[in-house]
Amino acid sequence: MGKSRAMSGTTPTLDPSPQGGGRSTPGTILHEFAWHSPPPAVIAPHMLQPAPPPPVPAARILIASFVGTAIEFYDFYVYATAAALVIGPIFFSADDPSVQTLAAFATFSIAFIARPLGAAFFGHFGDRVGRKATLVASLMIMGLSTVLIGCLPTYATAGWWAPFALCVLRFGQGIGFGGEWGGAALLAVENAPPGRRALYGIFPQLGAPVGFITANLGFLGLALALSPADFQAWGWRIPFLASAVLVGVGLYVRLKLTETPVFKAAMEKAPPERVPLATIFTKYIKATLLGTFAMVACYAVFYLSTVFALSYGVSKLGFTRPTFLLFECVAVLFMALGIPLSGWAADRYGRRPVLLSGLAFTASLGLLLGPMLGSGQGGLVLGFLCLGLFAMGWLFGPMGALLPELFPTRVRYTGASVTYNLAGILGASAAPYLAQRLSDWGGIGWVGLYLAVAAGVSFVAVALMEETGLKEGHLSESI
């Protein structure tokens, strides 16, 4: 197998193999996923060597990558929704509701600061020990932090200890989430057959809309069933506590997995990297930077269309909580549509053309944000949310394959995780906060300009990348 290099020079080389049947179409995707299983690892024959275990069915692998990220995204979005609705008045003391909202959005950003630390920590062990153990650990940390947030006292009962504990647990959410996505993406794409990496890579991506819908439907049901006073007094805690059940399901699925064949082969050839984080920032710094900036717009359009839009719609435009939560649930269905469509297109036409078209569309949405979202008219507001979240899905779909493809197997967990989560700091951590400040200062149109600039930054990063998606074969097994 040839030596591969990431984007510091060239992208990792791929093992040559025949295409095996040509390109797929959307109608054949589920059939392929249901029946394809990754090839078993090749073991040198020996009369005393036990027979290799049977390969794990592809369906089980893809379900495991999807279920885990769906739960992790649920945990993350539960807090995001609560930050827009109730975290401010419950955990902070201020006479001005706008100040409370800004404080809530500031705690929202803490997890994004923690996520690269979690990515480095879990990536280190994921590249040295294996993908399975780190995926289980990250899920447990994220779930425990979420459940404990639902048990916290309020500012009225505990004073400043309440927001302090909230920040600590929010940091814990970020640590757990930082190790989740990269491992789930690798679980899918390292088991993918030639020419299907982006299609396999959509499964962890689909966890995002499913987790978002589940979180928002939970809050919507509570908002409809409870009075505003009861919702603020205790009802908001229920979605956080429900995470315990979901995490149990995720652990059950993931504990049945085995390591990917690509990772096993890499470990058999040479010892693992001593410090994968140091390797990606020395040998693969270009790949790390371009991957980070490529993701910025994806984060920005999502959190402006969800967290900021929810707060703005309820507090400034006068929509009720149930109405705007319903808008969000409808709009995220367009995100769920964009992910598989762009994944299929990325395998057929390449990652760069798909992403560049989506980024151009996202930049144009920045010009429409003020006239549509700022209009206060239900149809225009819902229309903007649908367009914004479809754009996010179109950008998000290929990332499940693109970011892992930038790095070789021996540092892939660390590289993909760090780039993904560094982008979260730049594109998401401060997005609701900055949008709130821009809106208060100069009007909603400035928020649209902010989105257009983010799309422009990502456009340049993707334009500078080499195409990674049209090379056949499995992901390279060595540096």
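Any Cβ shown, glycine's included, is placed from N, Cα and C.
Positions annotated as compositional bias 'Polar residues' by TrEMBL: 7-16.
Residues annotated as domain 'Major facilitator superfamily (MFS) profile' in TrEMBL: 61-470.
As annotated by TrEMBL, region 'Disordered' applies to 1-27.
For the transmembrane segment (76-94), the list of distant contacts is 100-105, 107-108, 111, 142, 146, 149, 152, 154-155, 162-163, 166, 170, 173, 177, 211-212, 215-216, 218-219, 231-232, 236, 239-240, 243, 303, 306-308, 310-311, 314, 321, 325, 432: same-chain residues at least six beyond its ends, Cβ to Cβ under 8 Å. What TrEMBL lists as transmembrane segment is 76-94 (among others).
Annotation comment: TrEMBL describes 100-122 (among others) as transmembrane segment. Long-range contacts of the transmembrane segment (100-122) within the same chain, counting only residues at least 6 positions beyond its ends with a Cβ under 8 Å from a Cβ of the stretch, are 76, 79-80, 83-84, 87-89, 91-92, 94, 134, 137-138, 163, 166-167, 170-180, 182-183, 277, 307, 311, 315, 413-414, 417-418, 420-422, 424-425, 428-430, 432-433, 436-437.
Long-range neighbours of the transmembrane segment (134-155) within the same chain, counting only residues 6 or more positions beyond its ends whose Cβ lies under 8 Å from a Cβ of the stretch, are 68, 71-72, 75-76, 78-79, 90-93, 118, 122-123, 125-126, 161-163, 165-166, 169-170, 172-173, 175-180, 183-184, 187, 237-241, 243-244, 246-247, 250-251, 254-255, 257, 413. Taken from TrEMBL, the feature transmembrane segment covers 134-155 (among others).
Listed as Cβ neighbours of the transmembrane segment (161-187) (distance under 8 Å, sequence separation of 6 or more from its ends, same chain) are residues 61, 64-66, 68-69, 72, 75-76, 79, 87, 91-92, 103, 107-108, 110-123, 126, 131, 134-135, 137-146, 148-149, 152-155, 201, 204, 207, 257, 260, 263, 400-401, 403-404, 412-414, 416-417, 420-421. The transmembrane segment annotation in TrEMBL covers 161-187 (among others).
The transmembrane segment annotation in TrEMBL covers 199-226 (among others). Same-chain neighbours of the transmembrane segment (199-226): 24, 29, 32-33, 62-63, 65-78, 80-82, 85, 181, 184-185, 187-189, 191-192, 235-236, 238-239, 242, 306, 321-322, 325-326, 328-329, 332-333, 335-336, 339-340, 343-344, 347, 393, 396-401, 404, counting only residues six or more beyond its ends whose CB sits under 8 Å from a CB of the stretch.
Residues annotated as transmembrane segment in TrEMBL: 238-255 (among others).
Sequence annotations record features per position, and here TrEMBL assigns transmembrane segment to 289-312 (among others). The list of residues near the transmembrane segment (289-312) in space but at least 6 beyond its ends in sequence, with Cβ under 8 angstroms from a Cβ of it, reads 7, 77, 80-81, 83-85, 101, 105, 108, 212, 324-325, 328, 331-332, 335, 355, 359, 362, 365, 369, 373, 381, 384-385, 388-389, 391-392, 395-396, 399, 402-403, 406, 415-416, 419-420, 422-424, 426-428, 431-432, 435-436, 439, 444, 447, 450-451, 454-455, 457-462, 464-465.
Same-chain neighbours of the transmembrane segment (324-342): 26, 29, 81, 199, 202, 205-206, 208-210, 212-213, 216-217, 219-220, 223, 302, 305-306, 309-310, 313-314, 354, 358, 378, 381-382, 385-398, counting only residues six or more beyond its ends whose CB sits under 8 Å from a CB of the stretch. Feature annotation from TrEMBL assigns transmembrane segment to 324-342 (among others).
Annotation comment: TrEMBL describes 354-374 (among others) as transmembrane segment.
According to TrEMBL, the feature transmembrane segment maps to 380-403 (among others).
Within the chain carrying the transmembrane segment (415-435), a Cβ under 8 angstroms from the stretch's Cβ atoms is held by residues 6, 83-84, 102, 105-106, 108-109, 111-113, 115-116, 118-120, 122-123, 126, 177-179, 181-183, 185-186, 276-277, 280, 284, 287-288, 291-300, 302-304, 307-308, 311-312, 399, 403-404, 406-407, 447, 450, 454, all 6 or more beyond its ends. Per TrEMBL, the feature transmembrane segment maps to 415-435 (among others).
The list of residues near the transmembrane segment (441-464) in space but at least 6 beyond its ends in sequence, with Cβ under 8 angstroms from a Cβ of it, reads 289-298, 300-301, 304, 308, 312, 352, 355-356, 359-360, 362-370, 373-374, 395, 427, 431, 434-435. The transmembrane segment annotation in TrEMBL covers 441-464 (among others).
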Quick test of the contact rule: Cβ under 8 Å, at least six residues beyond the ends. What residues does that give for the transmembrane segment (354-374)? 294, 297, 301, 304, 309, 312-313, 342, 345-346, 380-381, 383-385, 387-388, 391, 394-395, 397-398, 402, 443-445, 447-456, 458-459, 462-463
When pLDDT is averaged across the domain 'Major facilitator superfamily (MFS) profile' (61-470), the result is 91
